[in-house]
Amino acid sequence: MSLNTQIFIAAVIGVAFGFLLNLFPETPFFTVSLYALGIASSIFIGLLKMLLVPLIFSSIVVGVSNLEAGGQLSRVWKITLACCVTTTTLALILGLACAHIFHVGQGVDIGLFKEAMAQHQSPATLTPSSFLTNFIQNTLINPFKAFSDGNVLAVVVFALFLGLTLVHGGERFKTVRNISRQFFEIMMMLVSWVMKLAPLGICALLAKLIATEDLSILSRLAEFAVVVTGTTIFHGAVVLPLLLWIFGKMNPITFFKGTRAALITAFATSSSSATLPLSLKCAQENLGVRPQIAGFVVPFGSQLNMDGTALYEAAAALFIANLIGLELSFTQQIIVCLTAMIASLGAPGIPSAGMVTMIMVLQSVGLPAEAIAILLPIDRLLDTVRTVVNVQGDMMISVVVDRHTREMGASAET
Ligand code: ASP
């Protein structure tokens, strides 16, 4: 049985087992199963996180130095940025459109959430300018601190500089380039080994998620949850595949078949960062993206390109405005979109990161930050789908960039 099939079956078993556990809360069966599931999922997530920083570091150093050596870096960079901005803008438009078409939040009694909002600790004000200052201060730091703290964005920036330097130093740094390449290959071999545990890890993660979530809370916010999830799925199942087909000339079915392992892992972990080792492997081995392109575009995208998060933040801001009976003007909606774009850029690829950066989106148009307390209880569930779309976008962009730089690559290599 192929690994993809095993992962799929494991996901189905995990969901079913989670529902079963939900039927027997506070029983010894529940407690023991939850303990075992916790151990199994921690091993899988722990191994992925263990590989994350060295993998990102080596893949960007190798990717950037190969691209720069082949004279392709600036083109790859431009196409990647253009793709990120285009897909995120489309996601934001969809987010706003879904909130308008379905009037999410209108007619819902805010009184239901008064207690949660009152108990929520008022977060510090987060404006785009303070956000930018923090972003720079957290990104340009001592690389050793970044490695030990697992500060992925800072590692990406340092690796980028190092990759460039290795090429500009020419023959002198050939040994370091070779070592980096071999180190990257070692990391990828470790990823293959960890992937063998993916079915078990995914089964445990999903069972634990379903068993511990209070699914009844969903019903209070059912309309919002359905609309936002439906729109996110529309973006991932229609908009992105269409763009892939037009600009990447790839059949979406081939894409989904090749990336199934990474997409299911994103769903189960709700973390683009934890999924990165698998996304990188799927992009290179199943979609045929050249390693130097995937090695640069996928890690970069996993930190900075988050369509699902941007869509969610825009729709959620409008939901909260409707809930408290505030009509946002057209200009305010544009402000929501721009701030949601910045917020999705700054959100790290970890569970519920979008909730933290959403404070900035709410405050940008004067909505109360405490209102995120309304969405927090269901966030872990909604995060599953938006993380899938975040990860999907990164792999899709790597296909498009690869296609549009292939001819250049061929001529540079000959
Ligand atoms: N969990 C998402 C991710 O890792 C980020 C978010 O909370 O939206 O991509």
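Cβ atoms here come from the backbone N, Cα and C positions, even for glycine.
Worth saying up front: this structure is predicted, and the values here are computed from it rather than measured.
Among the features that TrEMBL reports, transmembrane segment is placed at 7-24, 36-64, 76-102, 152-169, 190-212, 224-247, 309-326, 356-376.
Scored on C-beta pairs under 8 angstroms, the neighbour of the transmembrane segment (190-212) with the top count among 7-24, 36-64, 152-169, 224-247, 309-326 is 7-24.
Recorded stretches compared: 7-24, 36-64, 76-102, 224-247; the one with the most Cβ pairs under 8 Å to the transmembrane segment (152-169) is 36-64.
Listed by sequence, the residues of this chain that lie at least six past the ends of the transmembrane segment (36-64) yet keep a Cβ under 8 A from its Cβ atoms are 73, 147, 150, 152, 155-156, 158-160, 162-164, 166, 177, 180-181, 183-184, 187-188, 190-191, 194, 197-198, 200-205, 207-208, 211, 269, 271, 273-278, 280, 291-300.
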